[in-house]
Amino acid sequence: MRHGKAVAVSDMNLPRKWPAVMLLLLLQLLRFHDGGQVQGVLVLRFQEDGIATPDSVAVYEGQLPREKQLLSLTLCARFQIFFLHTRAVFFQLHDTELKLENMLLGGSSDFTRRWHHLCFTYNHNENLISTFLDGELNNVQNFMLLSPVYGNWARLGQNFEARNSFSGDLTQINVWDRVLGDAEILDFARCKTNPQGNYISWEAGWSLKVVTPYNLSLEEFCQQEVGTSYFWFPSLPVVTAHYICEALGTELPWATSIRDIQRLQNVSAATHPDHDNCHYNFWTALTDIVEEDVWRMNNGSLVTNIFWAPYEPNGLRYENCAALSRYGVADISCEMQIRCAVCTFKKQQRFSLYGICEQELRNVYFVAYQRVIGQVIFIGYGKYHIRLEDEMWTWVDVVNNVTMAYMEEAVPYFPMGLRWWRLQVPVCDQKEGRRQLTLSPCSSGHFTCNDATCIPIHYRCDLKYDCRDNSDEYDCKRIFFPQDYQSHLPPRLSGDEDLSLPITLDVIMETIAVKTLEMTMEVAYEIAMTWTDNRLSYLNLKANNSLNKLDMEAVGRLWIPQVNFINTDNIHRTRIDEDVVMFIDRRRHKFYMDPAAPAEVEVYSGQDNTLTIRRKYGTVYKCNFDLRLYPFDAQQCEMHLRITSELKSFLTFDPDNSSVQYLSNPFLIEYEVGKVNLVHDNSGHFSEARVLVPLTRRYGYAILTIYTPTLVLLVVSYTTLFFRTAIFDVRMMSALTVQLVIATLFSQVSASLPKTSYFKMVDIWLIFCIGITFLVIIYHAFVDSVAYGDDPSTPVTKMWQVRPVQQPVIKPVHKPKITVSNLVLFTKITTPLVFFIFNIGYWGYIFSY
């Protein structure tokens, strides 16, 4: 594998772990020297003004034979970056005969304008790449280099494209044909040694073009500040002191011992000897303003191990702030005092400028420096600075010498947080004028409050205040509408195929009331429709969909499908009113940050996430009941729904994801509700769906109120056949009464049911009951006729007159053909026989269904 190599530092999110490919390729690179004896170590400065140019280059003058091939190697370099272009290539190894070139990319969390030491090692026996940053092992990866590394030409600062050139200082670039030990690399990084590479040596000589050389002693590379650093601001009220330190990403100090106080006093005296008001009496982060004698940090966390000065605290409820004095912490008044504020940093803080539409992170990221007490300058990784000029905060493009914007008046007058700026050049397609920008100290995954404090980004717009200034609940819109959005047009699916948009229908039925007489079903239910609109973008979505609710203003601007309820009076339809609940369903946690927003705004695609609208309805649906088997019938009523917004070629119900649920008690007064089903029908011009509601009548009521009473009445009617034949009036009146009661019951039942042209089973039963009682009445008349013929004496009561006794007249005995006892027995047998025969046919027909 013959190719050239280039070492680069890029601004791609700058994680501390370098990609394996870059590590491996970087191993193949470096070396440098000025060719003569100099005092100290030679440093080469490239593009100090930050202007990308292909002319700034240093070419290696040492020998690089093509025959020299590296299997294992070590590459080390010391550098500090001034400006990051698209890529910062600082070393390139090239094969001029084959004219092959490879670009190597890497990332690092290094800060600009600070010296860093970087080493890569490649062990070909173990196929292992190791990365060392400032002497510490940073990353180890397995990687197999397919061929040895070689070349015959090397240079610094370029790779043929100006946008990939290097801006900063380079020194001590060396390449070895072996793997250096961890201890050797650590000593090199800590400026204890200055070894020279045996493949490329820094001191072998370099030919310079548009490069400024200078010398530094070896110790000076390691004399930059490490550990805690301090920013000093004299004569501030406590509110401003808290704001500045928190907006810079840190906090005011506090003391647990006299050593903490002495350390601050010593650092202040050494750093700013002319500002003795900052040598002692510093504001601390402590306050007991919430609860007397309970001291907390400004963020609310409880503090107990405080090194109080003698006789402190002594201010009772009038002194609720604390300051560091010479002898310890003292409580003082928050309103009446002015003190020095010192902000302590364990590590350098990176800032981001939001709202400038920069796609390259190097132009978004800044680092704060303090060169003058009481002042701060923000130096970008790329071409921008934010600094105080003529008492006005100014955003400057230092590479092109262009003033981008001036900050408007604010209290306190610092640029951290959300501020109004006056643009001097167009930004984000906005002409000169006012624009809001945010300079944020917050790391990824956090939201910047207006006062530049940070909260986790999922706390933003969660319906409760988390920022101290409540700014996390401002501007919580969820939808971005493009300028060409038209709410009367339905969205179309992405892709080449002309497919209809699927609408997911979810019906949740809460209550059902069926009226048999009116043949209607009244339903209280909720309809939810879900669809995608790829024309939209969604902002700051939450995993909990209830937090993604849309306001009525946004709902009114959206395209929403309309569904008609077909089998209703006047054809009801879905409505958009104050009862509507509409939200965005976050289906994929995939987003990008909006570069034009003056805050951390997560933008989600409308293609990957869905809109859902819900509303409750109470609707009366018409049903078509078949009552032939009443009261042992089973019915089916339906909710007939049709999309009427567009034809089915544009919109269809989604058969795979739509659903229906019935949540209430399935046992109604008259019916038992079975399993409801959702069926789809696309046979017409519009897409339709039907919610089928199976209803099985609960016949217990009919048994109790119709069949049982009529059965009892039939028994009563039948028992009249057992009365003595002589009491014809009683027999007849009892039978007639039973028939009248059954006839009355028949009329009542008929009035409670729809009028139909066919007989219902209950009608047949009642007609039979009337008929069999009529048969009993006929039996009574027939029996009486047979028993007594036309003789009226028996049933009639007469007055008797006493006459003399006469000889009785003996009449001949009449022997009828049918005896009364046989006839009565016949009625007693045939009546139940008719009843049982009917019931066999009646119930057999019912059970057959």
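In case you wondered, yes, glycine gets a Cβ from its N, Cα and C as well.
Between CYS442 and the candidates CYS428, CYS454, TrEMBL records a disulfide bond only with CYS454. Among the candidates CYS449, CYS461, the disulfide partner that TrEMBL records for CYS476 is CYS461. In the shown protein chains, 26 other C-beta atoms lie within 10 A of the C-beta of CYS449 (disulfide bond). Using a Cβ-Cβ cut-off under 8 Å and counting only residues 6 or more beyond its ends in the same chain, the transmembrane segment (765-783) has close neighbours at 706-707, 710, 713-714, 717-718, 720-721, 725, 728, 731-732, 735-736, 738-739, 742-743, 745-746, 749, 759, 820, 823-824, 827, 831, 834-835, 838, 842. The CA atom of CYS442 (disulfide bond) is located 13 Å away from the CA atom of CYS467 (disulfide bond). CYS476 (disulfide bond) is surrounded by 15 other CB atoms, counting those within 10 A of its CB over all protein chains shown. Remote same-chain residues near the transmembrane segment (699-723) are listed as 630-632, 670, 730-731, 734-735, 738-739, 741-742, 745, 749, 762, 765-766, 769, 772-773, 776, 779-780, 824, 827-828, 831-832, 835 (criterion: CB distance under 8 Å, separation of at least six residues from the stretch ends). If you compare Cα positions, CYS467 (disulfide bond) sits closest to CYS454 out of the disulfide-bonded residues CYS454, CYS461, CYS476. The DSSP breakdown of the domain 'C-type lectin' (241-335), given as helix, strand and coil counts, is 27 helix, 19 strand, 49 coil. Per-residue pLDDT, averaged along the domain 'C-type lectin' (241-335), amounts to 87 for this model. Classification of CYS476 (disulfide bond) by DSSP places it in coil, neither helical nor stranded.
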